[in-house]
Amino acid sequence: MESLTSSSSGEEKKKDYPIYHFERNEILILLAIFFTSLSFANFSPYAPVYLKEIFSVNSYLALGAISIITNAMIVVGTPIWGRLADIFQPKKFVLLGIGSLSLMYFSLVFSNSSTFFLIVIFIGFLFGSAQTGNIYALATKSTKKTKEVVLSKISIVMSLSWLIMSPIAGKIFDTMDNSYKIQMSIASISCLISLLIVLFVKEYKEQEQEKEKTDVNSLKDKEKITEFVTPFVIFIALSFVFQAASGGFWSFNTLYFIDFLEIKARVYSNFLVVVTILGIFVSYLLGKVKTDFKNAILIMIFSLIQVVIFGIMTFNPYNSVLNLILYSVPMYPIYNISFYWIVTSLSNEKRRATAYGIFNSIGILGIIAGVILLGIVADKSLIIISMLKISFYISIVAFIFSIALFVFIKKHVGTKQKQI
């Protein structure tokens with residue numbers, strides 16, 4: 001047995017199509033993800049810099065408030081939206097989330113204070129979180145493809161959107177007087193296009209038909225999120241620490257590279273291009289991995305790579321060229337594919353949206369914890385490079401958890417194979 005879970009009747013019908021094969025629903029969902037990701041490429045890297053330059057905010061903890069607020073709202077909203085999606089189907093919540101993001105970006109165009117800026121983000125991401133986990137649930141439920149094919153395509157499409165938009169956003173930031181308003185307008189329009197595309201996605205209704213045929217005992221079993229409590233807990237703890245290291249520093253990376261090391265946004269955008277090109281290649285390779293055991297190995301390897309990256313950056317904080325090269329190693333494909341593979345494999349199909357919601361929320365809590373910790377440390381030391389050492393220590397803890405996950409899955413898979 002190569003997967004921890006036993007396939008439900010819905011998943012048994014899924015076929016292992018090649019990655020270049022596309023269904024109608026799949027094309028629509030990928031296009032929607034592409035345009036939504038364009039909005040994030042415009043907003044996420046530059047929001048802390050805009051908050052500092054336009055609204056004269058100087059505290060690193062205050063600058064980290066953007067990441068704290070956005071992620072906190074996702075933590076609060078994602079499990080709720082995920083549970084509702086399990087009951088009412090995910091499409092309507094994906095629409096709510098994308099629509100809220102579009103309205104948020106549009107409102108930010110007219111922001112005239114840091115308070116208004118943060119309040120709009122607070123409300124926008126609270127409702128915008130309705131699409132965070134549910135877009136994955138919609139993608140895996142509304143196509144006949146296996147999960148690894150769907151997840152790898154999602155990661156590739158996200159990479160393509162950043163590949164296209166990063167140089168454009170960098171050029172706008174460097175050369176245009178109203179760069180902030182232009183970038184927020186592009187983000188709003190991108191989400192609006194994504195919203196219109198999702199309207200044409202046809203939801204997979206088989207689950208509702210199967211639910212009517214099940215007896216009370218069977219239904220009770222299917223309401224459990226997972227049958228594998230220990231590995232699920234280990235995995236959730238890993239996602240928390242992994243995101244605290246990678247996502248925590250990512251929230252400040254533009255302040256480090258653009259503001260502290262004074263790298264031009266154009267050069268920084270080229271760095272993002274390299275990251276996304278590598279991300280596409282890595283996503284394609286990860287999409288070919290089809291067992292829990294191999295995905296656990298990959299998670300462990302990438303966790304170790306993260307330790308090495310932050311370790312070298314810690315001891316060479318002023319080397320802008322070296323650190324840009326090191327930080328170009330993409331970590332998001334392993335999270336978007338292998339991490340999602342594990343949570344998909346550990347969860348029951350009837351409760352998958354809820355499982356995605358929990359997974360996303362815990363990972364985002366890790367980002368929040370990382371941002372708060374890094375912000376406090378940087379404010380006390382009055383220099384941003386102090387964040388690197390903390391990120392290095394956190395990444396070591398993540399690597400330890402990845403070893404624990406690998407050991408459990410290796411033992412479990414080995415036992416199952418002997419039974420067969």
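Glycine too: its Cβ is placed from the backbone N, Cα and C atoms.
Database features (TrEMBL):
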type     : residues : note
DOMAIN   : 25-414   : domain 'Major facilitator superfamily (MFS) profile'
TRANSMEM : 27-47    : transmembrane segment
TRANSMEM : 59-81    : transmembrane segment
TRANSMEM : 93-110   : transmembrane segment
TRANSMEM : 116-138  : transmembrane segment
TRANSMEM : 150-170  : transmembrane segment
TRANSMEM : 182-201  : transmembrane segment
TRANSMEM : 228-252  : transmembrane segment
TRANSMEM : 267-286  : transmembrane segment
TRANSMEM : 298-318  : transmembrane segment
TRANSMEM : 324-343  : transmembrane segment
TRANSMEM : 355-378  : transmembrane segment
TRANSMEM : 390-409  : transmembrane segment
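If one looks beyond the transmembrane segment (182-201) by at least 6 residues along the same chain, the residues whose Cβ comes under 8 Å of a Cβ in the stretch are 25, 28-29, 31-36, 38-40, 42-43, 46, 91, 94-95, 98-99, 101-106, 108-109, 138, 142, 169, 172-173, 176. When Cβ-Cβ distances below 8 Å are used as the criterion, the transmembrane segment (116-138) is approached by residues 29, 32-33, 36, 51, 55, 65-66, 69-71, 73-74, 76-78, 81-82, 85, 90-91, 93-98, 100-101, 103-105, 107-108, 151, 154, 201, 203, 340, 352-353, 356-357, 359-360 of the same chain, each at least six residues removed from its ends. Comparing 27-47, 59-81, 324-343, 355-378, 390-409 for CB pairs under 8 angstroms to the transmembrane segment (228-252), the maximum falls on 355-378. When each of 93-110, 150-170, 298-318, 355-378 is scored by its Cβ pairs under 8 Å to the transmembrane segment (390-409), the top-ranked stretch turns out to be 298-318. Counting Cβ pairs under 8 Å to the transmembrane segment (93-110), the top-ranked stretch among 59-81, 150-170, 267-286, 298-318 is 59-81. Long-range Cβ contacts of the transmembrane segment (150-170) within its own chain (Cβ-Cβ under 8 Å, at least 6 residues beyond either end) map to 19, 26, 30, 33-35, 37-38, 41-42, 45-46, 136, 139-140, 143, 183, 265-266, 268-270, 272-273, 275-277, 279-280, 283-284, 286-288, 330, 332-333, 336-337, 340-341, 344. When each of 27-47, 59-81, 324-343 is scored by its Cβ pairs under 8 Å to the transmembrane segment (267-286), the top-ranked stretch turns out to be 324-343.
Same-chain residues lying 6+ beyond the ends of the transmembrane segment (59-81) with a Cβ under 8 Å from its Cβ atoms: 47-48, 51-52, 93, 96-97, 118, 121-122, 125-130, 132-134, 247, 251-252, 255, 354, 356-358, 360-361, 364-365, 367-368, 371-372, 374-376, 378-379, 384. For the domain 'Major facilitator superfamily (MFS) profile' (25-414), the model's pLDDT averages out at 84.
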